[in-house]
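Going by TrEMBL, these are the annotated features:
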- 5-120: domain 'Tetrahydrofolate dehydrogenase/cyclohydrolase catalytic' (DOMAIN)
- 139-288: domain 'Tetrahydrofolate dehydrogenase/cyclohydrolase NAD(P)-binding' (DOMAIN)
- Gly165, Arg166, Ser167, Ile231: NADP(+) binding site (BINDING)
Amino acid sequence: MAIRIDGKVISAQVLDGVASDAAAFLDSYGIKPGLAVVLVGEDPASQVYVRNKIARATESGLNSIEHRLPMDTTQDTLNQLVADLNADPAVHGILVQLPLPAHLDEEQIIAAISPEKDVDGFHPVNVGALSVGKESLVPCTPQGCMIMLEQVLGDLSGKHAVVVGRSNIVGKPMAALLLQANCSVTIVHSRTPNPQALAQQGDILVAAVGRPEMIGADWIKPGATVIDVGINVIERVGPSGGTQRKLVGDVDYAAVEPVAYAITPVPGGVGPMTIACLMKNTLVAARRLQQMSGV
Ligand SMILES: Nc1nc2c(c(=O)[nH]1)N[C@@H](CN(C=O)c1ccc(C(=O)N[C@@H](CCC(=O)O)C(=O)O)cc1)CN2
Ligand SMILES: [Mg+2]
């Protein structure tokens, strides 16, 4: 039986640390670290994530400021809001929930966020800093994956890590963090010939492709540690004949679990870590901004 890497337990540990750091921040400066969360439109999944972010922020002693904008918000209106939040000293972290409605330019909005307040770590300045190993705000999902990997494996030096997927949000920063931790890193993607053969060489396999249960046991080196970043809703015929909605990862958990050394479940794996690391980044941003202000 593989070790089940429990994202709920590990994220609770991270959030405990954030809560005591937030209390110390309040003690030192008389203000709570502030996180602004911006949601445009009514995507149901995004609404759930935003609600959870606000709840975790409040529980951790952060000040959360929620901005909900209608679906037909213009780029100019969103830019103006981001500019106001950039200028607001009570706001230390800014997060624009993705995906944005199709008429909005995500790349432009991300670039408009002040890099010091970019708690998602998506701004080109933070992306560049990460790639050259400089201090930066690190994207939350890959940061959460690293915390789980280090908790279960300790030092990752010399391990061969295979990342399946090359998105800007997960695959690319994940590869950069694994490299920084002295892993040998292979990224496989849709144009890789025989990705399965490469995946089978990984001591660590990180799946971030967005295809339900694509990674079966025949992708896994026996004894590997498997991190499943996928969150996919599927419909299945239930025992009574009706359709049931179910949340599954990119990894076929039942098939891979007997082969792996350790594996994250979906739900309850990487997802809660993403939110916990967002709170952690807000603390990092708040401390840096406070130091820069010299007060
Ligand atoms: N601005 C951002 N947008 C998006 C990000 C992001 O990091 N920043 N990541 C994803 C969505 N996301 C956070 O925003 C996110 C997704 C899932 C979870 C989570 O806890 N999932 C649970 C299951 C929840 C459910 O029942 O649906 C789990 O895996 O246990 C947290 C955060 C895209 N957009
Ligand atoms: Mg767009």
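Even glycines carry a Cβ here, placed using N, Cα and C.
In TrEMBL, annotation is done automatically, which means it is predicted and not curated.
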Calculate the per-residue pLDDT averaged over the domain 'Tetrahydrofolate dehydrogenase/cyclohydrolase NAD(P)-binding' (139-288) and state the result as an integer.
97
List nothing but the largest Cα to Cα distance in Å, as a whole number, among the residues Gly165, Arg166, Ser167, Ile231 that the record says bind NADP(+).
16
Treating G and I as helix alongside H, and B as strand alongside E, what does DSSP give for the domain 'Tetrahydrofolate dehydrogenase/cyclohydrolase catalytic' (5-120) in helix, strand and coil?
62 helix, 19 strand, 35 coil
Spatial neighbours, same chain, of Ile231 (NADP(+) binding site) - Cβ under 8 Å, 6+ residues apart:
Leu247, Gly249, Val266, Pro267, Gly271
Candidates near ligand 1 among the binding-site residues Gly165, Arg166, Ser167, judged by a Cβ under 6 angstroms:
none
Per DSSP, how many helix, strand and coil residues does the domain 'Tetrahydrofolate dehydrogenase/cyclohydrolase NAD(P)-binding' (139-288) have?
55 helix, 34 strand, 61 coil
Nonlocal residues around Ser167 (NADP(+) binding site), in sequence order (Cβ under 8 Å, 6 or more apart):
Ala208
Mind giving me a neighbour count for Gly165 (NADP(+) binding site)? Other Cβ atoms within 10 Å of its Cβ, every protein chain shown.
23
